[in-house]
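Participant: Right, I'll just put the structure down here and ask away after.
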């Protein structure tokens, strides 16, 4: 099967939106009936982003097979139907580790190990393997052309021409065309210099995607075409839009998919973007709006909760409501109090996280939602703080806590997987080798829902598959005291020994999930839990307005 390769690089500045542009192009090609996948190459030395601070790097996106990957893979899954896996994200650290492992084994037979050919050959081998079974592979190279870290990756994609033929490769370069207010002009010089930098590496871009905050005129496109040696029809203008889900249509309207299909000699029907047109229609024709408070500790960088914020927007689209997300620092809840931080919300969501900082603010948020019948959705740590709060204030366990926060906790309602006991005080059979990542539960896990529960009603089925990323669990030894006080455990892992979902029946909508449903939400389908959560927020708003 012939595979065609599209390599996407970026220039001038970082954070131009290569990931979204790549995903949007993939969506248009997929809409033409092509089988498409995407690989992200990250130039940092970390093995994966799993241990990088969310404030520095953004969220860690978890794939079905449990890989901790770059947040761009979340964009890919939201735009195309192909599911990402561990081979869809490679870092420089992972590449170097593989090369060094082979060197220690003697695979190179005493050769001097160098960037060229050993590192570049490994990159090419992994790209070709990742493309297997697809019509088109798009490869996004992280970083900016000119960065020293990106050079091995750029050299590898330059060499791909000789590996798979020039007719099967295409280079797209994403650049910035800034508007200079003083002169009132868009400037093409940064794009020209960026292409010159790329040419010095040996790569002539076939297509330029020019980012700008306004429409790029015909004369400016001609100028870029002349100085960058790229055909005018291959100069794509990508101006700022109010919704990223409009970008597939923007690319199609400029004929980018036709140009690519012609270049690859692909005979396929016109792109059918009716799904995306429906998404945009509902997004632009809301019948109301609600405000959701998201209480977290990494709110200074919105990308730290990217999948959660997108899932809330998807649920808004499905309910035809605008979802206004108020980012609330959980430490502010502790310091400033509920009146100044949580008032005026239609729903409260506490997302996942690690560490003790800000936890008491999250517990206060769960308590406020429970006592005031405000819809509450706790994800991962958000479920755990809801359980701790209930244990302290309803189940008569004032010292309830997690061993993550208090090592010698007298009442450990949450504990490490290896510390958890069943209701008879016997350790649950988990060890460092039980799950991928040692004691970390990662990736898809089966969950069984109790019939008659709200969560079962929302999903409409008894068995679900959701993605996990955590190492602390509900301690079953203390669970009876909590459930006798009124909290329901309605979702369990495969062996029924790990709590996956909790509910508070004496509340309109109070759900906590140990898994991360946000990773399975897409703009076209949404996710049942998020859709139900926003529906509950709408109903709360209506009830609240009637009382006023």
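Cβ atoms are placed via backbone N, Cα and C, with glycine included.
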Participant: Return the residue out of 334, 339, 399, 404 that Swiss-Prot annotates for the same L-glutamine site as 353, 381, 382, 383, 384, 471.
Facilitator: 404
Participant: Taking 72, 98, 107, 121 as the options, which does Swiss-Prot list with 15, 16, 17, 18, 19, 20 at the ATP site?
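Facilitator: Candidate listed by Swiss-Prot for the same site: 72.
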Participant: Can you see whether DSSP assigns residue 140 (Mg(2+) binding site) to helix, strand or coil?
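Facilitator: Where residue 140 (Mg(2+) binding site) sits, the three-state DSSP reduction gives strand.
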Participant: Cβ within 8 Å of the ATP site centroid (15, 16, 17, 18, 19, 20, 72 excluded): which residues?
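Facilitator: These residues sit around the ATP site: 10, 21, 22, 75, 140, 174.
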Participant: Would you mind reading off the Cα separation of residue 16 (ATP binding site) from residue 140 (Mg(2+) binding site), to the nearest angstrom?
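Facilitator: Cα of residue 16 (ATP binding site) to Cα of residue 140 (Mg(2+) binding site) measures 13 Å after rounding.
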Participant: Need one number: mean pLDDT over the region 'Amidoligase domain' (1-266).
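Facilitator: Summing pLDDT over the region 'Amidoligase domain' (1-266) and dividing by its length gives 95.
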Participant: Taking Cα atoms as reference points, rank the recorded positions 15, 19, 72, 140, 380 by distance from residue 187 (CTP binding site) and give the first.
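Facilitator: In terms of Cα distance, residue 187 (CTP binding site) lies closest to 15.
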Participant: Report the largest Cα to Cα distance, in Å and rounded to a whole number, among the residues 14, 187, 188, 189, 190, 191, 192, 223 that the record lists as binding UTP.
Facilitator: 23
Participant: Given the binding-site residues 148, 188, 191, find the one whose Cα is closest in space to the Cα of residue 15 (ATP binding site).
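Facilitator: When the Cα distances are compared, 191 comes out closest.
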Participant: Which whole-number value in Å describes the distance between the Cα atoms of residue 19 (ATP binding site) and residue 140 (Mg(2+) binding site)?
Facilitator: 7
